[in-house]
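A.B. asks: Before anything else, here's the structure in question.
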């Protein structure tokens, strides 16, 4: 009976000491995995940030191309009423007070220079 107790006590002590070592080892492994996970998350975050910056650059480039290619405001042709303060006559035309026709309208018209 005494040998059974000693054997049981020996097995118990070995199990506790090895279990404690495994617990410390597991803690170290978990800490390493957590650090690796953080580095992986940092890497993924940087990669996502680069992709977003590339996408933003493309969008801004498209906006600048669109504004460059956008149609200008339409201009007013010959004999069309215009505003003397904001003449939008086409190039080669000027906003003048009418000479003969259109005197009764009391407005300005686009005429050739």
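Just so you know, glycine gets a Cβ as well, placed from its N, Cα and C.
Sharing the feature lines straight out of Swiss-Prot:
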- 75-90: disulfide bond (DISULFID)
- 82-95: disulfide bond (DISULFID)
- 89-110: disulfide bond (DISULFID)
- 61-83: region 'Disordered' (REGION)
- 1-21: signal peptide (SIGNAL)
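Help me picture where these features are in the structure shown.
C.D. replies: Cβ neighbour count for residue 75 (disulfide bond): 15 (other Cβ atoms within 10 Å of its Cβ, all protein chains included).
The Cβ of residue 95 (disulfide bond) lies under 8 Å from the Cβ of 82, 83, 84, 87, 89, 108, 109, 110, each of these being in the same chain and 6 or more residues away along the sequence. According to DSSP, residue 95 (disulfide bond) sits within a strand segment.
Annotation note: residue 110 (disulfide bond) sits in a strand segment as assigned by DSSP.
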A.B. asks: Across all the protein chains here, work out how many other Cβ atoms are within 10 Å of the Cβ of residue 90 (disulfide bond).
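C.D. replies: Other Cβ atoms within 10 Å of residue 90 (disulfide bond): 13.
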